[in-house]
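Here's a structure for you.
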Amino acid sequence: MAEHPDLPPLRIADREFGSRLIMGTGGAENLAVLEEALVASGTELTTVAMRRVDAAGGTGVLDLLKRLEITPLPNTAGCRTAAEAVLTAQLAAEALDTTWVKLEVVADERTLLPDPIELLSAAEQLVDAGFTVLPYTNDDPVLARRLEDAGCAAVMPLGAPIGTGLGIGNPHNIEMIVAAAGVPVILDAGIGTASDAALAMELGCSAVLLATAVTRAKRPPLMAAAMADAVRAGLLAREAGRIPKRFWAQASSPQR
């Protein structure tokens, strides 16, 4: 869905995107359902896990994205060390002819939480190598600042652990990250339903990245459309400016 004409597009590094909903491809039942969901979402940028994709294969995810004119964003999902992540990013650059990468370095398979030490190391190496790095990080304002200082083009704090659907567990930290950031803040992971996506935008995020909330919904295309509307609604509400919260009631019409 196109953004409101009065609102600017999402800008990351030297590129602009009309949609502020970034989709993932993991967990889809099949390519047909994934295609319906991607179209319904209006996304222009979609992540692809390089460890699960054969770039030279036949009609797969990459072919689908090309046909839909959606920019693929390779990610380093499954990597546990900086060395693994850097190698995966380099292979993705060769396979997809892009220096953009969603950087993931997780500490373990149980929590899938980012390993801050390995993540920062990988980010520094990839930025030095000329990559446009979008790191999946903890909801830690200090780490987010370190990643920005390292040269990352955006920071992508989690709302909750990947695939949990728990929503935004620490909204205050997300607000602190946004307040201090000089690059786009993209809420990544933990989204469960449309209200979570709207809240992310109301908190100040520039965009939302999600996969499981759509691909494992009962009706993925319908949920994708809901997420697109929610992201747009949250952004519009933020730009409009909410009323201040009050302890006592205040009539909207004269009482006498």
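Here the Cβ of each residue, glycine as well, is placed from N, Cα and C on the backbone.
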Which residue of G163, G182, G204, G234 does Swiss-Prot report at the same 1-deoxy-D-xylulose 5-phosphate site as A189, G190, A211, T212?
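Of the residues offered, the record points to G163.
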Using a 10 Å cut-off on CB atoms, tell me which of the binding-site residues G163, G190 is the least crowded.
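The binding-site residues G163, G190 were compared, and G163 has the fewest Cβ atoms within 10 Å.
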Using the alpha carbons only, what distance in Å do you get between A211 (1-deoxy-D-xylulose 5-phosphate binding site) and K102 (active site, schiff-base intermediate with DXP) once rounded?
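Counting only the Cα atoms, the answer is 14 Å.
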